[in-house]
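For reference, the structure is listed below as structure tokens.
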């Protein structure tokens, strides 16, 4: 009897240990053989870029296989941080946002890959964002930039001229109002502009384009003209109010794709989405184009100048817990993802690779991509600043500025009060800690 | 085979432990240990990747000057102060109403309970659309009855919290109605009879018989409501995400932001300790008051 009790006890203990995740496991990061690399990705079914890169690398190096490990796109960083802390993360993982690069780099979760970076030269846009104290910790494979998307059919209907490379924000706002009025006359319900709910739609441009603007200075006065203009556009009815966009969970894909708005600013990642949605029927079929982002003043407009915009690179870094004999293979993979070959492969599925110059021909050969001169100019020529600086204050300052964003655009606070308040909070809660 | 009393006792003890262990072990490892660690982390600068540097009361000192934290405390109290009495009254009212012999009473009870089991994300989405200032049906009705400037609800700093409280009450009323219904079954029928003989009207019967008999139930409901209100998170996250501005930022969300968005787990732990103390304090007061009333 007693023996049986102990047997039961033992079995129960083992079971509960297993259930609570305490079973003994090896702390090694994934991958079985020396010739297998594991790579993190998200939404593999709808985000083909990881498979394109893995397959492309395998074709060039038939003895090496890259296995994909899927993560949830919305909780990617939370899950990755947990996996890294637990020693279960893949060999190579993606820097989905630049904002969190600091967390990984400062937490010593990225291997120094300066040797890979020096081999790339200046072909990879966005590489400098991953450099800290002269060392490189990740390599970009895509670099998106914000541009204007516009619907040619709605512009024609409202009898407004297509955007060219000459627009400042005031031109953009004036065109938005003119479009709204013109569309109303033509019997359309579409508005001139759709501005998505994200704080970056205004703050990204304001930080990139305002001379002397610095997030870490705690002076946010540079935001004022951008918010004043947006509030005015909301009041004029030329764009949907922030409150209506959030309460109805509007998506920018539907707003532009279903022709609810004649134009919007958005990152170049939307090119691939729009193409596939027009094919699948999730978006209407209409002719569209892209144009350079509106500029703060005339000094950076026109095709002879370089328009200033923003956008974050997406990069790959190496998990420092990778087994030693695989480090060289992982570095080889990193060099591949930033190469011209990978850039062409990525462009073939509508993605903006970090090596934009090598890929321009490939992307304009994709059926459905607009090939007019302005679109080509917008795609290839820009001075793209990061949405935010890399640093320890970025995440908390972003949260404070997001409160400003919702307060001002909902009409709860005027921009001056909101800026003063945000500056006080930045000082007390973040900078003078 | 031993059958001595001592042997039997050991056997029973072991048997008892074997039943307890699966749950206890999981609870200890996944809840108790993290909670205990939290109190340690509250005094460090832990950022998840090692590096938990002991900083003593630095986190607490910083909390004192953290306007975001105080806004969260204020909003949490705002929610609690209105949500508890409102839910209490509504759920008790529903329970009294549905304790009668009505036609299709089971149907109405189910209807009242339904919000509690519906998915919170879907529910919040639908309420958000109902509240939508420009296109929502709520404001459409208000305009139809002559309100010229209906509130902006979740898009206005003044009205977002009332909107969240309304939905919070709507969601939880069914659950507490069920508890009140169970409590009502324990009220002896003789008491009502006696009250009626004494000439008490319905209102007096409620005050003199029903409510006193329901005190244990009411106490349980109040404690549950208090804890639920203090830790409110899901509803806020999906309905307003703390906005506009900081108008609906609550403590649980502030902890989430500091911890999982800004990776300041030490500081987030310090805020958690404050939330814990707040819950603890209020619950102790409730227990003391309840005991005094019972005596």
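Cβ atoms here come from the backbone N, Cα and C positions, even for glycine.
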- prompt: For the record in TrEMBL, which of the ranges B:77-99, B:146-168 is the transmembrane segment one?
  reply: B:77-99
Query: With the ranges B:206-227, B:228-249 to choose from, which does TrEMBL describe as transmembrane segment?
result: B:206-227
Message: Let me spell it out: take the transmembrane segment (B:106-127), skip the flanking residues so only those 6+ beyond its ends count, and list any with a Cβ under 8 Å from a Cβ in it.
response: 94, 98, 163, 167, 170-175, 177-178, 181, 234-235, 238-239
Task: For the transmembrane segment (B:20-43), could you work out the same-chain residues 6 or more beyond its ends whose Cβ comes under 8 Å from its Cβ atoms?
output: 52, 54-57, 59, 265-266, 269-270, 272-273
